[in-house]
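Report on the following structure.
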Amino acid sequence: MAVAVAMAGALIGSEPGPAEELAKLEYLSLVSKVCTELDNHLGINDKDLAEFVISLAEKNTTFDTFKASLVKNGAEFTDSLISNLLRLIQTMRPPAKPSTSKDPVVKPKTEKEKLKELFPVLCQPDNPSVRTMLDEDDVKVAVDVLKELEALMPSAAGQEKQRDAEHRDRTKKKKRSRSRDRNRDRDRDRERNRDRDHKRRHRSRSRSRSRTRERNKVKSRYRSRSRSQSPPKDRKDRDKYGERNLDRWRDKHVDRPPPEEPTIGDIYNGKVTSIMQFGCFVQLEGLRKRWEGLVHISELRREGRVANVADVVSKGQRVKVKVLSFTGTKTSLSMKDVDQETGEDLNPNRRRNLVGETNEETSMRNPDRPTHLSLVSAPEVEDDSLERKRLTRISDPEKWEIKQMIAANVLSKEEFPDFDEETGILPKVDDEEDEDLEIELVEEEPPFLRGHTKQSMDMSPIKIVKNPDGSLSQAAMMQSALAKERRELKQAQREAEMDSIPMGLNKHWVDPLPDAEGRQIAANMRGIGMMPNDIPEWKKHAFGGNKASYGKKTQMSILEQRESLPIYKLKEQLVQAVHDNQILIVIGETGSGKTTQITQYLAEAGYTSRGKIGCTQPRRVAAMSVAKRVSEEFGCCLGQEVGYTIRFEDCTSPETVIKYMTDGMLLRECLIDPDLTQYAIIMLDEAHERTIHTDVLFGLLKKTVQKRQDMKLIVTSATLDAVKFSQYFYEAPIFTIPGRTYPVEILYTKEPETDYLDASLITVMQIHLTEPPGDILVFLTGQEEIDTACEILYERMKSLGPDVPELIILPVYSALPSEMQTRIFDPAPPGSRKVVIATNIAETSLTIDGIYYVVDPGFVKQKVYNSKTGIDQLVVTPISQAQAKQRAGRAGRTGPGKCYRLYTERAYRDEMLTTNVPEIQRTNLASTVLSLKAMGINDLLSFDFMDAPPMETLITAMEQLYTLGALDDEGLLTRLGRRMAEFPLEPMLCKMLIMSVHLGCSEEMLTIVSMLSVQNVFYRPKDKQALADQKKAKFHQTEGDHLTLLAVYNSWKNNKFSNPWCYENFIQARSLRRAQDIRKQMLGIMDRHKLDVVSCGKSTVRVQKAICSGFFRNAAKKDPQEGYRTLIDQQVVYIHPSSALFNRQPEWVVYHELVLTTKEYMREVTTIDPRWLVEFAPAFFKVSDPTKLSKQKKQQRLEPLYNRYEEPNAWRISRAFRRR
């Protein structure tokens, strides 16, 4: 009855009146009558069935259609019953009356419409006319055209001489009238006003058309100039012969009244009128009235520090100065930016106070300069030596004099923005090195996110676990604690071995300045108890030491191997299906031949005549290895007809027709060419892995296939969730490749396992000792866990004695060299059995024959983003039901098998999600949002994601981009953001690299970014750890690990990229060569975008500033109690023991990443000055008010000095009240 009432209410209306109540009663009476009829004829009295019959009768008003609908739904009613029901329903259920109200019917809002109202910033209109990057051919054509124009253009020197001659003739003949001068001035003013109005009208347009606007403005200005003016030949000439310089020339040479006030950025002649200890006053010439300005002591000379102003200038001396800023009649000047002989501007990009700067001034700058920030103007480039130097302190009388001058309005406070009213300290005059600066987070939200950030909304972390209190979640937490215990036990063993060294020898190790022989003996003694070889005993036994041979062995030829694959029998049907459909979903088991054969079949069918065949892979290693295999089968060299492209490595040529690439590289190609015009077919392989890039490609390619009817899209998956892919891609047909499957027996545990690692090893030993022949596959979460399991299992098997059959233990994880990974494909020798202990890479990416037994603990390690803390973490979580089925299927490929699930059946049913959470819903999306914005996609809510990411993650990503300067106050991409999108790096690294161009250290930053992109630069052999540490310490820099990496690369470069040098210094030569390749790629990108690559020499402060500009979110301050505390969330972190700063413990640092092992460790740490945080991230940090308690100080606990007569907390006010 309740269902009937609810349905009646939904059908009739939401606001019940007398008529509505009567209609509800009529509907209930009808339901009751239909139930009676059904009970009389069929013996069924079901209200739900009665309501269903009523709904069918309302949709089908005639007898024939009503009968047909009933038969279609499986009803076996007689004609008499059908006619009675239809007559009864039509009689008792009157038709709905049309609405008499004049108000329009309000439809209920969909979920997406509600989200659009809540988050308007996420649904801004897209910008289809987004600028795309030019390829190398376009750049070459443009350069050739500019060279031709340059050849036709008269020289600049000739134009200057011609102007000077005309000016001299005009001056001598005195034929120019004042009325004509006034008219020309008026025309120029009108022209400027028109330009300003034009800018105001176009200010709200899309930022992607900024380059076109600038070009049109400059063209219009050139058309309005004299007939003798030639068009500019390039962007530099545009600035050189721009309107601003033309006005300056007229100001100097045309006879007209001088201006009343100076212009910011212009250069004037002047005379020194007075000298102070902090600078000198200069009277400007060429103005109508007397105008004086201050040249600060730091603005006098570029070369070195000035101790005494009188050493540089004298009273009455004539100088050339540049106007930096002025407030009222008080002006700030600079001499160091002007050549005192020629008057040339040595630093034209510098601005000091932009408040008075007109929009026309800024419009003349190069729009592609990457120094534009929507939040903060880029910090000025100071003189060559940027290190902070202690200057002479200002005397008390001088301080008093400055205060009196400010109080008398002779000097303005605005000229000294950092002036401290209490102490009278001027900026950069007497900075205190040991000043304790308090930095706080800016509480203000970005304008376009007001009310939506974590400051005003409760942002919860993404839930990737179905039941956080279930047995699987508890087992995952228990395993983390057990792993920590095992690490600590190993550490204690090592320390015990160290303590066993005789004290007489150990003193040479403790002594900071020992003799060489004693140090060597101590180093050797420290190796006691260590493994004498790099390879542990279990690993030597597994891989056969140095005598092992790697590679999958087979007697079949390449053609026979191809014909043995399951997909070969379906070759013709597959090619025909691709021909008949624009989008095709291909489902096939791992090892069926999808990845290697489909591209070749389509190439043989002639699809390469229309373009390339592109195939994406979720992993770099897969793209490289598959391309190598296909090139062998195709009969060509790798890089010719078949090639691959991964980040920082392009192994293709103009002849390439089959191209394998990572999904991220195809996404970058979409950034350049949204329609992918050079491809005829795109194949998204391993789509079931649902990486971030794959999910974004789904939405982009959906649009592309609608624009390009000639393009084919193939989506392949190894799992059985094909229906979801088909529904997403316009109900695309599904092509299934039948695999070799056998029945698999599923076995569950009766009780939950607390230590799944130990349970896995016990299960493996039971299988080995009791079950028939057949190899075993065990799924664990990561490298550390797998190595531990292999070591424990080897020791346990060894303890059973020689009579037990041999068990070959083989680990598999991504960090293992590929040649060692191939050992798992070799069959076990007769009388023995192999056990493969692998990560989830063996679920779908690897096909291992001979597996009959699968041990599944039910866990996987996933990267999860916490939007509250803004940190990505690797977390051990329960797998999904789809993953559990996939793992069990591994046991049924060779023959009937068994799957041992180390969890209960109830846990499988109640604690596991149906499918795993896509990566796009659990990771940081800053890079993804930046790429989408660069493609002109601003409406993120309407973007067709297969599974939409959480709103909290999108908002956090936009907030991060805003603080980096990539988004403006409206949430749209800035020029800096567009530049950042063109680098294949994380946004923070992009910002760091681009800012280094402005700071003049881009050559060093290129090297640092390249070294950060590779892993394991140093290595420590266990038998030579002391020597390796000693060699590494030679490269340590006091500034931090980033500059240590720079020192390593530069030393390698100075030693002519020598491999023996790397071996001698315990440095991975392969990692350095990889960094060198990455550096070349990044250098090419910077050259393509005309970004200067300059060196800072010994001025490493520039490098530190550049690092701070990108990684300011990762700032941490030393905590008085222990370690460091991050500024964002006050999390306790520690400097990693391998860091160059481990023994220095500086006050302020920024780190590259956090690593969770026994503690939260900071990796790649660099010291910073806290002032830089405010300088480079004013939208994120601010200097706390010294008159108020900051949040950090409020959290600190006051600990009194020891008093033997009182309790420690007796001094507190709360205790004093209690005593009363």
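Note: Cβ is positioned from N, Cα and C throughout, glycine not excepted.
Taken from Swiss-Prot, the feature ATP binding site covers GLY588, GLU589, THR590, GLY591, SER592, GLY593, LYS594, THR595, and the record attributes it to sequence analysis. Residue density at GLY591 (ATP binding site): 19 other Cβ atoms are found within 10 A of its Cβ, drawing on all protein chains shown.
Positions annotated as compositional bias 'Basic residues' by Swiss-Prot: 170-179 (among others).
Feature annotation from Swiss-Prot assigns compositional bias 'Basic residues' to 197-210 (among others).
Annotation source Swiss-Prot lists domain 'Helicase C-terminal' at 756-936.
Annotation comment: Swiss-Prot describes SER395 (among others) as phosphoserine.
Swiss-Prot lists SER460 (among others) with the feature phosphoserine.
Under the heading region 'Disordered', Swiss-Prot lists 153-266 (among others).
The annotation region 'Disordered' is assigned in Swiss-Prot to 337-372 (among others).
The predicted model assigns the motif 'DEAH box' (685-688) a mean pLDDT of 86. Here Swiss-Prot flags 685-688 as motif 'DEAH box'.
Per DSSP, the secondary structure of the motif 'DEAH box' (685-688) breaks down as 2 helix, 0 strand, 2 coil.
When Cβ neighbours within 10 Å are tallied across all protein chains shown, the highest count among the binding-site residues GLU589, THR590, SER592, LYS594 belongs to LYS594. Compute the center of the Cβ atoms of GLY588, GLU589, THR590, GLY591, SER592, GLY593, LYS594, THR595, which mark the site for ATP; besides them, the chain residues with Cβ within 8 Å of that center are LEU565, PRO566, ILE567, ALA718, ILE737, GLY739, THR847. Same-chain residues at least 6 positions away in sequence with a Cβ under 8 Å from that of GLY593 (ATP binding site) are, in sequence order, ARG562, LEU565, PRO566, ILE567, TYR568, ILE737.
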